[in-house]
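Comments concern the structure below.
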Amino acid sequence: MHSFIQSLTPQGFECLHLVLGTAEPSQTPRSLQSSPVSDEVKTNSRIIATANAPGQDQPFKFSHVVPAGLLQEKKKKKKTNMAAKEKLEAVLNVALRVPSIMLLDVLYRWDVSSFFQQIQRSSLSNNPLFQYKYLALNMHYVGYILSVVLLTLPRQHLVQLYLYFLTALLLYAGHQISRDYVRSELEFAYEGPMYLEPLSMNRFTTALIGQLVVCTLCSCVMKTKQIWLFSAHMLPLLARLCLVPLETIVIINKFAMIFTGLEVLYFLGSNLLVPYNLAKSAYRELVQVVEVYGLLALGMSLWNQLVVPVLFMVFWLVLFALQIYSYFSTRDQPASRERLLFLFLTSIAECCSTPYSLLGLVFTVSFVALGVLTLCKFYLQGYRAFMNDPAMNRGMTEGVTLLILAVQTGLIELQVVHRAFLLSIILFIVVASILQSMLEIADPIVLALGASRDKSLWKHFRAVSLCLFLLVFPAYMAYMICQFFHMDFWLLIIISSSILTSLQVLGTLFIYVLFMVEEFRKEPVENMDDVIYYVNGTYRLLEFLVALCVVAYGVSETIFGEWTVMGSMIIFIHSYYNVWLRAQLGWKSFLLRRDAVNKIKSLPIATKEQLEKHNDICAICYQDMKSAVITPCSHFFHAGCLKKWLYVQETCPLCHCHLKNSSQLPGLGTEPVLQPHAGAEQNVMFQEEVCEENSTSATSETAPDTCEREIKSDFEC
């Protein structure tokens, strides 16, 4: 003991002193009392002793001694570990549920009736199992129920179920190793000691190592130290080691299999009520959630917990990867470019033969569209795109479009070649929709960049290059469709959408060029708004004409060709949204613009003397006025600025008096116009006259109050 104490370092001695709590500082060896490290540890020990002394309200916390930086580092490390754990749980939540959807897909593909018909034609028709075909049919539906249960199980129970299944596979592997060993021993027919025969010793060693690995893995998976529960398949090896005859080893091997089977049956019997208890608790929770929140909240909660879009996307990608692998594993020579394109389409068609795989393709297309749109916005704005607009386009429009077209055309029931041909057309429509969504993202960003006077060449290059891509690629796609396909109603929709996208990009680029030209001018262009309106009006008119042509072609195809309910509904929806609503919107915009122009023409133009006497800027654009118009309330504005204001509302921007034509105004026509700001009383008298006229023509009882507010606003101006 004395030698142990002498061998301690100063830190070790003080730690021993803290642990025992009985030694006094005077008992410390003299060689250690003068150590500076020992003094520091003594100080910490006194702090701990003082903090833990009787009479203290709170126990001592080691954070009083541990540096703050170390605590922060531990907290960051803990947060990082928690985030990694959450990501791992999210991955497991998806990966462990994919086999259930694959099982549903296999059950949908499997035709039980045709399967039993094939057995009836073969020599297995006399098999006793064939007499239980109705039981097999019921088991087919039981498979559906089990798949749904696996899909909706909580993650903890699902992990436990997979561990049980893995243990069963390991036990099967152990018995397979034992059976192969017994078979090899019977083939060589050597019953002597193994150490005298190198080949026999080699076989025994290999089998023993495999069995030990299986037993160890089973005990680790089941988290138990009773390894003998998983060692029944080692009995043939022990019997061979004891020089038991080979015929007896075969019997021992069968006994080991029976013993393992009894263990499995006992385990299943002891957990027989677990599914019932889980179903009962799940039903109770579902009833409570429905009573409190409703069915919609329950559906949204299950949708988010199961991560349905990601789940179906992973399922479809696995199917697609298996299809590609099966093709290349059977081919020796490399495929050509056309062959690869055909392989791509046929592989997608093969992965759309069931409703589950079709849903997987729908969600995959949605995520691809989301990725393309995210890259588009990132290319235009960089990381600011995620900070300014976190709720980006989800890409569901393209996925829903694919689903509607697939259901309307009966994609699942077609043959593989016809399905691949139809999928190519549907994918063209989806690509056209993605291009339109890209343009909706790029259009405001490009126009804002042109009007913001930003001199960054890299930003302008990215905006213009994306617009050029959106101009050329839709036109090229329309040209390729016309070259390879016969004209049809769906193809006409694709071509019209591509042409409209190119036309809209042309309009956007033209307005962008106008903004850039205006930037290099010393004075702003007053008629810029009219030019932009004419450009947008020309595009809208062409868009309306193209939509009208598509409707006319669709109606002619419906009348003279094959009539379908879905086709008629699509024509009706297209006519309502793309023709009727656009026509109404365009006509309303035209009437508002015409009324604004007429009102501006009815207002008097200010003379140079009035402008010099007014000596003010335009209250809308804050620019000097070389020419202006005078409102009935004696306010001066640029004609172009006031016209833009009148597009929105028909009141004065300053006092909010209602603006009327010259024939209806009391202060215009033969009567002289009041001088602006000649006196506050004149303006108040004029507004009182206008408000009196408004109050007599209005039926509301609050008109006098409105006049008082307008008079007060004029004094404030």
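FYI, residue positions are counted from 1 along the chain as it appears here.
Every residue, even glycine, has its Cβ placed from backbone N, Cα and C.
Now, the feature entries from TrEMBL:
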TRANSMEM  130-154  transmembrane segment
TRANSMEM  161-178  transmembrane segment
TRANSMEM  204-222  transmembrane segment
TRANSMEM  234-252  transmembrane segment
TRANSMEM  258-279  transmembrane segment
TRANSMEM  286-304  transmembrane segment
TRANSMEM  362-380  transmembrane segment
TRANSMEM  423-451  transmembrane segment
TRANSMEM  463-486  transmembrane segment
TRANSMEM  492-517  transmembrane segment
TRANSMEM  538-555  transmembrane segment
TRANSMEM  561-581  transmembrane segment
DOMAIN    618-656  domain 'RING-type'
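Long-range contacts of the transmembrane segment (538-555) within the same chain, counting only residues at least 6 positions beyond its ends with a Cβ under 8 Å from a Cβ of the stretch, are 489, 492-493, 496, 499-500, 503-504, 506-507, 567, 570-571, 574-575, 578-579, 582-583, 586. The list of residues near the transmembrane segment (204-222) in space but at least 6 beyond its ends in sequence, with Cβ under 8 angstroms from a Cβ of it, reads 163, 166-167, 170-171, 173-174, 177-178, 180-181, 194, 229-231, 233-234, 237, 240-241. Put simply, of 234-252, 286-304, 492-517, the stretch with the most CB pairs closer than 8 A to the transmembrane segment (423-451) is 492-517. Residues 152 of the same chain, all 6+ positions outside the transmembrane segment (286-304), place their C-beta atoms under 8 angstroms from a C-beta of that stretch. Within its own chain, the transmembrane segment (362-380) is flanked in space by residues 308-310, 312-313, 316-317, 386, 389, 392-400, 402-403, 406, 430, 433-434, 437-438, 441-442, 445-446, 462-463, 466, which lie at least six positions past its ends and keep a Cβ under 8 Å from the stretch. Cβ atoms under 8 Å from those of the transmembrane segment (258-279) belong to residues 149, 153, 157, 168, 171, 175, 229, 232-233 of the same chain, restricted to positions at least 6 beyond its ends.
A mean pLDDT of 83 is what the model gives for the domain 'RING-type' (618-656). Shown for the domain 'RING-type' (618-656): DSSP residue counts in helix, strand and coil, namely 10 helix, 6 strand, 23 coil.
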